[in-house]
Amino acid sequence: MLSQVIMNKKFFLVLDDVWDAQVWDELLRKPLHSGSADSRILITSRHETIARQMGAVYIHSVEKLSQEDGWSLICKMVFEECEKGDMHVLSDVGMRIVEKCDGLPLALRTVGGVLRTKEKRHSEWEKVLASPAWSFTKLPNEKMGPLYLSYLDLPPPLKQCFTSLSLFPKDSLIFGITFANSCIADGFVTSEDDAPLEDWAEGYWKELVQRNLLQPDSKWYDQFVCRMHDLLRSLAQHIAGDECFIGDARAFENKIKSSLSIKLRRLSIVDGNLETIPDLIMKQTSLRTLSFFHTPHIHDLPEDLFRQLRKLRVLNLKETAIANLSTSLGDLVHLRRLDLSHTKIREIPESIGNLRNLLFLILEDCEYLHNLPNGVVWLINLRVLDIRGAPLDGLPVGIGRLKQLRSIRGFVANGCEGCRSGVGETDREQEHKGHQDERFCTLKELKSLVQLRNISMVKLERVSDRAEAKAAALQAKPHLFRLLLSCTLPSSSSDVQQPRANYYEEEDIKRIGEVFEELCPPPCLELLEINGYFGHEFPSWMITPSSSWLPNLRRLDLMNCGLCQQLPPLGMLPQLEYLWIKGASAVTSIGPEFILLAGGSTGARGQNGRKIDSCFSSYFPKLEKLGFENMPNWEEWWWRWEEEDNQATSLLPSLKILIINGCPELRSLPESLLYHVTALKTLQITRAHGMRNIQNLPSLTELILVHNSSLERVSNFPVLKHLHVEDCEELKVVEAVNAVEHIQLDDREAESLPEWLVGAGEEQPRFPSLHKLTLSNKIYRQGLPDWPLI
């Protein structure tokens, strides 16, 4: 297939991080020969011999960092701007440490992570320099000395947690919550001051990130999703030794057969072709952890698997195709963590009630699982129950007995008098209306779960009345930091682009408003998501005229609140860092009332001319990312601040990223962005067909414009570096962007350069700093008229 796709075509192929030349000789060489002779292939590898084995005609060796650059990197990690005196005093020992790192960026970063934990004293840095780790000879790679130093500097519990990371597949995303739960289940986390184990595990994760032993993925919020560098992963595997193994089934069998004395404690199988679990696994009776990754073809488990592996503490069957579990599951009395997420499991045996040591039960996205066994309510030590995405009819009566629960994700609401509302329900769900009280628990059972830190509640349209919601006693949960409140979206409009009031009965609209009124969270809440709410107004606890209602809230997602015509005033939230609003279909205008509640003080004026209270010196003081998505009727965004407040009041001073996606009627950005949003770096506007001009953002460095059919002019971005334009056919003028270095065009059918770019080759170029042009269209064909200009 590959050879046919590229037949006689010119291509440029990048093969990144090649470890074995066989991938070229046995897989790619022959089909790639069908391409054009002037095609090019670029490979990256840590080993020059691999490049030579693949027949590279030119080899470029990446230079190591100079000592000066290495010291500069260390300084950026360790010292604050005000600590230049310490920087100078420690420069001599610092340069000797840099020399030990041999110009390797990873070594410098990890050693910098160590130095960041030390006092800025000469004697402390000399101890780092004198560590025997630099010359430790029993490492698989001579470059691992600085990395081993970082490992040795870890506190003892953290060393165990670090080696456990070797059980994750290469280059995989590692979620902080998975890491924390696994470390707790393995017994690596202990509490010294009666603080929750979750707090300690979260602290371990943050320390590994701060020490640069984990690399945060920038696409995820709050550094709680990371990757691990291959060299660090290899170091963790080396330290773990024969107690741990990760690999495919054949490699595992070869490992066991080559050394019969091995007593494996932790095993991860990564094998996309595996269909049955090897018999040798069942002979590893000392196993504490058994995990399967990327094994979608395993349909059945051996009947006696659980009886053979009675010492298991962690069992991960995630993303396998298993549909049933043996009743012998109850024999795993030491099991602490069971992960069946994304499987085809249809039923969990009642014997699960025997697992009194189980701490974590993960059933996320088990799309065939409609009920939980009653035995779940006997899991008296359970800390996490994750049933998100499973089509459960409800939860068993008695969930309130699980007093140790810290997190319950996917709690299915069930009204005392049955489910009154049919909104979003299938025929099958409505058949159960008259019987749900007897079989399933209600929100009242949440009252006794005072240790909860994380709750997500779904199908809240089922809740009978405000008394039932009040019984959940959310406001009385002193540790709650994350809350999701969700209603089922109408089945006739699953994307809810434009939900209408006639999707709902008036009685249901009134009742859902009353229900949400009683689901007021405690002040300690940090993360809040509301999804599918169909009341006409947000609950009063969201529009309180002060910063006291949720003083610790850091992230807020308002999703598909389709009947609310006005957004709540959020500008007074002192800790809010991330705000995403999606599917607010009834909103036509966003004005000063979005920032603060109408009042009697001087300041801005609302849409009705009333003064807006401006007693705060800063609004949205810590907000860094703001997004609006799928708001089809939003036309106007404006803030009319009275002149005297422009100087005295700070608005969005920390905003770095602004994203507007799918708001076709929005005509313009507020003029006051120019005066107030001084930290904005990235602006992305997609499908804003009513917008004609975008201009005057002096701090912007990245501008992304996609599918904006009426956009005509882009101007006055003095420090803009990257400009990405796709399908903006009316764009004629791009000016006063002299700092632009990279322009990216993605109009794949275009055969000529756009008008605004053609002048780039004139005597006075429009883009004097441009040094990179990326074209994803037909212009690159050398026969077309604009090719000489390029």
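Note: Cβ is positioned from N, Cα and C throughout, glycine not excepted.
Where the annotation comes from TrEMBL, it is an automatic prediction and has not been curated.
Feature annotation from TrEMBL assigns domain 'NB-ARC' to 2-81.
Across the domain 'Disease resistance protein winged helix' (167-236), DSSP assigns 35 helix, 7 strand, 28 coil. Per TrEMBL, domain 'Disease resistance protein winged helix' is recorded for 167-236.
According to TrEMBL, the domain 'Disease resistance R13L4/SHOC-2-like LRR' annotation covers 264-367. Looking just at the domain 'Disease resistance R13L4/SHOC-2-like LRR' (264-367), the mean pLDDT is 95.
Broken down with DSSP, the domain 'R13L1/DRL21-like LRR repeat region' (443-582) shows 36 helix, 25 strand, 79 coil. What TrEMBL records for 443-582 is domain 'R13L1/DRL21-like LRR repeat region'.
Only pairs six or more apart in sequence are counted, and the domain 'R13L1/DRL21-like LRR repeat region' (443-582) with the domain 'Disease resistance protein winged helix' (167-236) gives three or more Cβ pairs under 8 Å, enough to call it a contact.
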